[in-house]
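Enquirer: According to TrEMBL, the record shows the following:
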{"type": "BINDING", "residues": "Asp30, Lys35, Thr86, Thr121, Glu158, Lys269, Arg334", "note": "NAD(+) binding site"}
{"type": "BINDING", "residues": "Phe155, Leu156, Lys157, Glu158, Lys210, Phe255, Ile256, Tyr257, Pro258, Gly259, Gly263, Lys327", "note": "substrate binding site"}
{"type": "ACT_SITE", "residues": "Cys266", "note": "active site, nucleophile"}
{"type": "DOMAIN", "residues": "320-424", "note": "domain 'UDP-glucose/GDP-mannose dehydrogenase C-terminal'"}
Amino acid sequence: MKVTVFGTGYVGLVTGACLAETGHDVVCVDVDEAKIAALKEGQIPIFEPGLDSIVINNVESGLLAFTTDAESAVAHANMIFIAVGTPPDENGSADLKYVLNVARTVAQYMSRETIIVTKSTVPVGTADKVSAAVAEALQSRDVDIPYYVASNPEFLKEGAAVADFMKPDRIVVGTDAESVEAAMRELYAPFNRNHDRLKFMDVRSAELTKYAANAMLATKISFINEIANIAECVGADIEQVRAGIGSDPRIGYHFIYPGCGYGGSCFPKDVKALVSTASQVGYRAPLLEAVEEVNQAQKSRLFSKLSAALDGDIAGKTFAVWGLAFKPKTDDMREAPSRVLMEAIWAAGGRVKAFDPEAMNETQRIYGQREDLQLMGTKEACLHDADALVICTEWKNFWAPDFDAIKNSLKTPLIVDGRNIYNPHQMTELGFRYIGIGRGN
Ligand SMILES: NC(=O)c1ccc[n+]([C@@H]2O[C@H](COP(=O)([O-])OP(=O)(O)OC[C@H]3O[C@@H](n4cnc5c(N)ncnc54)[C@H](O)[C@@H]3O)[C@@H](O)[C@H]2O)c1
Ligand SMILES: O=c1ccn([C@@H]2O[C@H](COP(=O)(O)OP(=O)(O)O[C@H]3O[C@H](CO)[C@@H](O)[C@H](O)[C@H]3O)[C@@H](O)[C@H]2O)c(=O)[nH]1
């Protein structure tokens, strides 16, 4: 099938590349000229495992093309995906300006019956707004072209985006139109072979399903972080508690890893947006408000622990920071806990030597040159003459380091571990002062 995708970020690029990989004929369009120029050259603007090869192969085979020309992109297909950003506005609601701009652009150029599919994460009722924007633009052109607006929220995780898209747990489609259902079945047939993963529902339910999924996952994380904080106060080890509760299949092991708070471009903004949606219809959502509040506090705990371990004496000291991305296998630093930690260290007069396997360029882009931040080429290089090591992201490469070398390099053998990747007893035996999350210290 011919498909057009607006937006070449994490979702748009992965959607376009994965649809092309299964034989669809895809054009991806973006307003960012530099990004499109780079993609045309085979340069992938984000680090996402497996993405570069499917983009390059499908561009070569002619099934995937990139453009900034919206008119030709709309002419390419009568199934058009909107996969642009929905950042929070000043009230925490999702800002729909990019989504509605695309809707108007599509209406400006479309010449035949068109299915417009919202893949961006959008609040309940957005399909109606998209529909109204299209209707208005068509009216101002004085044309009457039939169109449908469907919802098809995306559930991929960064760092596993290609794998998630290729093997989805479910594909949610909100539509009331049988013809749209048939088109979506055809589009997703390659992803739907052994089990029927397609879940058709009404548009509002599809829009809410996306927020409900993210809010549920964020709730699990804030829940375990709160239990971790209680564990600290009562001298229990959250890792043993986690194993104890996760073995109950009603609870499960997924998304109950305690840490330094959830980050990324989705959970923080989507929980806030759902709280905002609820409040707009007169419902206060105290559980979701608490999920957000616990997470904010959790992100500050690494610095509090570091500062407490040094009796508040941060000024003039240097700290090795391992892991800058908000999670492993990505270079994305949006809402990353590492940023809260580093900014607190700097505010207190400390310095940072940092390493991340993929997010060094992104860190440089965000913070530029500053004399209290040194980006080091290896994790070992951060340690020399540092007053402590702080771990923000659980990259696999950090799990089994040479502990003797760490001890020899650090000025004091202090490790603050925001992801609980080491064994506290072993660390004590090795002579470290080891502070984890929810581990009785
Ligand atoms: N990042 C994720 O893991 C993820 C997963 C599921 C859902 N989502 C949702 O998907 C949406 C997109 O997220 P993302 O992370 O891919 O965003 P992103 O910021 O990485 O990319 C958005 C892209 O849209 C482009 N754009 C903006 N206006 C445009 C226009 N008028 N025409 C064409 N392109 C335009 C931007 O230039 C940018 O390249 C958001 O609603 C997000 O919540 C994200
Ligand atoms: O047990 C856990 C699991 C995750 N996290 C943190 O939670 C954040 C988000 O992680 P993850 O969900 O793996 O990454 P995202 O790429 O943000 O993906 C989420 O957000 C996407 C955008 O909406 C959705 O599509 C995905 O289904 C949803 O998992 C990261 O900071 C993780 O460190 C924890 O602290 N503990």
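Cβ atoms here come from the backbone N, Cα and C positions, even for glycine.
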Enquirer: Please work out the mean pLDDT for the residues of the domain 'UDP-glucose/GDP-mannose dehydrogenase C-terminal' (320-424).
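Expert: The average pLDDT of the model in the domain 'UDP-glucose/GDP-mannose dehydrogenase C-terminal' (320-424) works out to 97.
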Enquirer: Tell me which binding-site residues (Asp30, Lys35, Lys210, Pro258) have a Cβ under 6 A from ligand 2; sequence order is fine.
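Expert: Close enough to ligand 2 is none of the binding-site residues.
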Enquirer: Given the binding-site residues Ile256, Pro258, Gly263, which lie close to Thr121 (NAD(+) binding site), meaning Cα to Cα within 10 A?
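Expert: Candidates kept after distance check: none.
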Enquirer: Roughly how many angstrom lie between the C-alpha atoms of Lys269 (NAD(+) binding site) and Pro258 (substrate binding site)?
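Expert: Rounded to a whole number, the Cα-Cα distance is 20 Å.
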Enquirer: Name the one residue among Asp30, Lys35, Thr86, Arg334 whose Cα is closest in three-dimensional space to that of Lys157 (substrate binding site); these are the binding-site residues.
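Expert: Smallest Cα separation from Lys157 (substrate binding site) among Asp30, Lys35, Thr86, Arg334: Arg334.
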Enquirer: Same chain only, sequence gap of 6 or more: which residues have a CB within under 8 Å of the CB of Gly263 (substrate binding site)?
Expert: Lys299, Phe326, Lys327, Arg334, Glu335, Ala336, Pro337
Enquirer: Whole-number answer please: how many Å between the C-alpha atoms of Thr86 (NAD(+) binding site) and Phe155 (substrate binding site)?
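Expert: With the alpha carbons as reference points, the distance is 15 Å.
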Enquirer: Just checking: which of the binding-site residues Thr86, Thr121, Pro258, Arg334 have a C-beta under 6 Å from ligand 1?
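Expert: The binding-site residues passing the 6 Å Cβ test are Thr86, Thr121.
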Enquirer: Looking only at DSSP and grouping its letters into three states, which state does Pro258 (substrate binding site) belong to?
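Expert: Going by the DSSP assignment, Pro258 (substrate binding site) belongs to neither helix nor strand, so it counts as coil.
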Enquirer: Whole-number Å distance between the CA of Ile256 (substrate binding site) and the CA of Cys266 (active site, nucleophile)?
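Expert: Taking the Cα atoms only, Ile256 (substrate binding site) lies 18 Å from Cys266 (active site, nucleophile).
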Enquirer: Rounded to an integer, what is the Cα-Cα distance in Å between the residue listed as 'active site, nucleophile' and Glu158 (NAD(+) binding site)?
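Expert: About 10 Å separates the two Cα atoms.
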Enquirer: If you measure Glu158 (NAD(+) binding site) to Lys210 (substrate binding site) at Cα, how many Å is it?
Expert: 16
Enquirer: Helix, strand or coil by DSSP: which one applies to Cys266 (active site, nucleophile)?
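Expert: Where Cys266 (active site, nucleophile) sits, the three-state DSSP reduction gives coil.
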Enquirer: Tell me the Cβ neighbour count for Phe155 (substrate binding site), meaning other Cβ atoms within 10 Å of its Cβ, over all protein chains shown.
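Expert: Around Phe155 (substrate binding site), other Cβ atoms within 10 Å: 17.
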Enquirer: What is the number of other Cβ atoms found within 10 Å of the Cβ of Pro258 (substrate binding site)?
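Expert: A 10 Å sphere around the Cβ of Pro258 (substrate binding site) contains 26 other Cβ atoms.
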